[in-house]
Every structure is written in structure tokens, then in C-alpha cells.
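Worksheet: the structure to be examined is printed underneath.
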Amino acid sequence: MLAVHTSPLAQPGIGDAGGMNVYVLQSALHLARRGIEVEIFTRATASADPPIVWVAPGVLVRNVVAGPFEGLDKYDLPTQLCAFAAGVLRAEAAHEPGYYDIVHSHYWLSGQVGWLARDRWAVPLVHTAHTLAAVKNAALADGDAAEPPLRSVGEQQVVDEADRMIVNTDDEARQLISIHRADPAKIDVAHPGVDLDMFRPGDRRAARAALGLPLDGNVVAFVGRIQPLKAPDIVLRAAAKLPQVRIVVAGGPSGSGLASPDGLVRLADELGITARVTFLPPQSRTNLATVFQAADLVAVPSYSESFGLVAVEAQACGTPVVAAAVGGLPVAVRDGVTGTLVFGHNVGHWADAVDQLLRLSAGPQARAISRAAVVHAAQFSWDNTTDALLASYRRAIGDFTATRQHRVRDLVATRKPRRWISRRGMGA
């Protein structure tokens, strides 16, 4: 696997680390449990990063030195793709030919390197975009920076070259087809999974006590990177209209605009709700489950979201979700059953949606909503994701092998007989 711009070992909620990190790591771990050896190549971001990290039996992370360890923005990473690709190719060269059977690249930067590796190693390239520039640019938040044309060009190249594409939802498949003219026959859907052993219902009062929150009252949680794309400000602005609501924000800075906790702290002060907002740093997976268990509902107001893993993890804990009706969130959340979908980012509409869902969650329907959320989340197990990944890999290998054999047959059929000409003065 290739994950250039962010390590699967990074703490989600910090910098560029988020759902993709969880996806790469968990899919690798579950593939290894099926007997598939997985090596993940990522860019080293600190001098202390060891070249090799054994995460679990069958899962190896290779930290490739490509560019400076610090101060390199994600938008500058295209300048380091040559260095990263060199590190990947050198690692393969240390093995016997044919060591790798398939390349699975994540995000367009990795796809550029995967394209080269595919051609050098003669193995199929499977690519997961995770997000698309055109989709993000069509729904920019105030203060967010547009994705550069370079990315759109790079994404198109990867789509053209990939042997198969794996997407999170049918909606993402339609986007690939309409925006990048992807071949529908080469697209497979594999919903991201959730760790159902870790994310499960728990005692709400105990969870609140563990986080130092008041045991009574309504709590709405926002979990994710603090950036305009994720729209944490919408949650605070909605809370300003709901005096009975306490907000928990768990995440670290990323992106531009309102991209720092300090920015949200100032916004809370301006709105006069500082006493009702608790800011937490990015949480470990175990602590994240505690946050979900402590909340009456979880808000996911993103402007674009290819899936929305946080929404599924929250529901696995029995907590309903109010989410923006964008991207994969209508798949992650069953509107009117496990939560509420909100169209647009009008603060008044969000305040109404939060208020109504809180009332339902506190009424006679509370148990039914919680149970429905758990049942819905159960279909997004990592075992199901792994089944879908393996099916896609098999198709990729089968199609790639058949194509190569067909090309060899065509080459043999069209090759002209070779004529051997003896030159005067040469021995027999």
C-alpha cells in the first residue's frame, strides 16, 4: 500500500491525519489476518521515524525519507514524489523479482507513485481516491483554500492508469464517472469499516465522568480535524441558539481559516458560550469511543465527506448523528432512523435539527434510536470491508494477467520473421 501524505500510524485528528489513516491501517491489519502480507509505504516526517515499523504480524510500515521532515505542506508534496518513488523502488529492488503482487495507492499523490511502480513491477494498480478536488472545490467552506488545478490533472492521470478503482460509496463512483470519465466496469465499492469491539454502547454517566463532563444535561460532540471543511464552527453557532446544550470538540488543527483550536476558542467567546464548550485534544481510538458514549448526539457538519467514518463509529456506540447531507454521509447515517441529515449549512436549520434529535433521544423513542444506530453500524464491519477489498484485488490481478497474455499473443502474431544475415568476414 502507498500512503504518501499521511502515515497510518499518525494520530487521527492532527494535521492531515483522519479517516484515511484509520482506513489504511485497519484494512492492512485485517488483510494480514487473512494471510495477506502488507507493506505500507509512507513519508517520514521526523528524523526519529525508524525506516521500518512492524505494526503486527504481516503488517510492515516503511517510512521513506522524501524531503524535509518538518515545514512541508501537503500542497508542496508533489515536489517530493520523485524522491518518494525512488525510496519505494529501492525497497522493492532489495527483494527477488515478483515480490509484490499488487499495489494499492491511497489519495492521488500515492496514485502517481503507484502508477510508476505498476509499470516497473508489472503488477496491477488499485487506487482509492478518498477525496476528489472537483468535489471539494464545489463545496468550499468560508476561508477554505481551493484545491489547485495540479491536483485535478494528477487525479485524472491516476484514474486513466489505474487497473481498478475502489470507492467508499455508489455516490463516489458516480462522481468518478462524471468528473473523470472512469470506466464503470473498473470500479468497486468497499465501505470503510468500524471496529465493533472498540466502538460499542457504554454507560453514559461513566463516560462523562471519565471526561470530566457534567453528568446531566445535553452533550453534543464534534470529533475531527479543526478546519473549515469539517465545519466545527457550525456546531458552535448552532449551540449559541440552544442554551441547554453543552458542546465537546475533540480534534487538532489542520488546513486554513478557522484551523486552530484558538480560532474556535475565540468564536466560542464571541458567541458567549465559552462556559458550555469543552475542548479536547485528538483522542486515541479507545478514548474516542468514550467521547461518543458520553454524547447525546454527534454532529458531522462537513462540507464534503467521501464517507464519514466518525458517524458510523458514533452509531456503533448507540449515539445518534446529525450530519450534513453530502458525499457518503447519507450512506453512513439512516435519515430519520439513526439520526438526521441536514441539507446546507444554515445555522438555524442546524440548531433546529440538533434540538429535534435531542428531544427524540430523550423521549420514549430513545432506546429504539440507539438500537437502530448499533444495528446500522454493524453492517460496516472491517470483515465486510476486507471481503470487498479482496474481491477487487482478485479482479485486478485476473484482468491484469489476461491483458498481459493478450498483448503477448498479439505481439507474437504481428511480429515478422527475423532474418539472419551473415556478414563477410565473420566466422560460421
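Cβ coordinates are placed from backbone N, Cα and C, and glycine is handled just like the others.
Matching THR131, THR274 to the 1D-myo-inositol 3-phosphate binding residues that Swiss-Prot gives (HIS5, ASP16, ALA17, GLY18, GLY19, MET20, ASN21, LYS74, TYR107, ARG151) identifies THR131. Together with PHE292, GLN293, ALA295, the Mg(2+) site in Swiss-Prot holds one more listed residue from THR278, THR286, THR319, which is THR319.
The CA atom of ARG225 (UDP-N-acetyl-alpha-D-glucosamine binding site) is located 18 Å away from the CA atom of ALA295 (Mg(2+) binding site).
Pairwise Cα distances among HIS5, ASP16, ALA17, GLY18, GLY19, MET20, ASN21, LYS74, TYR107, THR131, ARG151, which the record gives as the binders of 1D-myo-inositol 3-phosphate, peak at 20 Å.
Across the structure, PRO12 (UDP-N-acetyl-alpha-D-glucosamine binding site) and THR319 (Mg(2+) binding site) are spaced 20 Å apart at their Cα atoms. Comparing Cα positions, ALA295 (Mg(2+) binding site) lies closest to GLN283 out of the binding-site residues ALA17, ASN21, GLN283, GLU305.
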